[in-house]
Each structure stands twice: as structure tokens, then as C-alpha cells.
Amino acid sequence: MKVLLLFAVFFCLVQRNSGDIPPGIRNTVCFMQRGHCRLFMCRSGERKGDICSDPWNRCCVSSSIKNR
């Protein structure tokens with residue numbers, strides 16, 4: 001029973017301390033870069049950027065937009 005309790009506490013702590021960026025902010029940053037959050041892979045003509053807020057999603061930015 002103690003093991004189950006410790007596992008539950010550990011699981012909650014890991015989820016709450018998942019990073020320094022609040023949920024949803026990564027999606028906003030992607031949209032500000034004129035990108036789209038896509039699951040796993042980007043379409044042709046797009047390059048991969050940072051991760052989005054949702055698990056497994058990547059920010060895909062058009063390759064025609066030049067780096068600033």
C-alpha cells in the first residue's frame with residue numbers, strides 16, 4: 001500500500017513540475033511564429049520547430065519564411 005501511495009505522489013509531482021513554461025504558452029509561441037502544431041510530422045515545405053503544449057505535437061513553420 002505504501003508503494004502505491006509513493007507512486008501516486010511521485011506521479012503528481014512529476015506532472016506538476018514538467019518545466020518552466022506554463023501550459024498553452026508553447027502553442028502561442030508557435031502561432032506567433034506563423035506555425036502550426038502538428039502531430040508527429042510536418043508537411044512537405046515545412047520545417048520542424050520546438051515542441052507544442054500537447055504531447056507529441058511539433059511546431060511546423062513554413063520553409064519559405066526566413067529566419068530573423
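Note that the numbers count up from 1, one per residue, in the order the chain is shown.
Cβ from N, Cα, C; glycine included.
Listed in Swiss-Prot for this protein:
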DISULFID  Cys30-Cys59  disulfide bond
DISULFID  Cys37-Cys52  disulfide bond
DISULFID  Cys42-Cys60  disulfide bond
SIGNAL    1-19  signal peptide
Report summary line: Filtered by Cβ under 8 Å and at least 6 apart in sequence, the residues in the chain of Cys30 (disulfide bond) near it are His36, Cys37, Gly49, Asp50, Cys52, Cys59, Val61
Query raised in the report: What three-state secondary structure does DSSP assign to Cys42 (disulfide bond)?
Result: coil
Query raised in the report: If you draw a 10 Å sphere on the Cβ of Cys37 (disulfide bond), how many other Cβ atoms land inside?
Result: 17
Query raised in the report: If you run the three-state DSSP split on Cys30 (disulfide bond), which class comes out?
Result: helix
**Report entry** Cys52 (disulfide bond) in three-state DSSP notation
**Finding:** coil
Report summary line: Long-range Cβ list for Cys42 (disulfide bond), cut-off under 8 Å, min separation 6+ in sequence, same chain only, gives Lys48, Arg58, Cys60
